[in-house]
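Among the features that Swiss-Prot reports, domain 'Carrier' is placed at 4-79, with the record citing sequence analysis. Positions annotated as O-(pantetheine 4'-phosphoryl)serine by Swiss-Prot: Ser39.
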Amino acid sequence: MTKEQILVDVQEAVAEKLGKDVSEITAEKSFKDDLGADSLEVMEMVMDLEDKFDITIEDEDAEKLATVGDVVAYIETKL
């Protein structure tokens, strides 16, 4: 799976969870500051992405994933 494919999958998951248009979800966007996600929504997205990619994202790592790009890079290392 390429980085671009991961980004598309993450964009779709984030857009669905937050009720945003996929075009609003770019790698540079911060979940909390730019996309308005609260802590619960971020944790739910992490769980959704764990299921989608069949990976485990440790809690201490999840806390460091501030942007969409951070998540894509992290998932890339786990695949």
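Note that Cβ sites are derived from N, Cα and C of the backbone, with glycine treated the same way.
Confidence across the domain 'Carrier' (4-79), taken as the mean pLDDT and rounded to a whole number, stands at 96.
In this view, Ser39 (O-(pantetheine 4'-phosphoryl)serine) is surrounded by 10 other Cβ atoms within 10 Å of its Cβ, with every protein chain counted.
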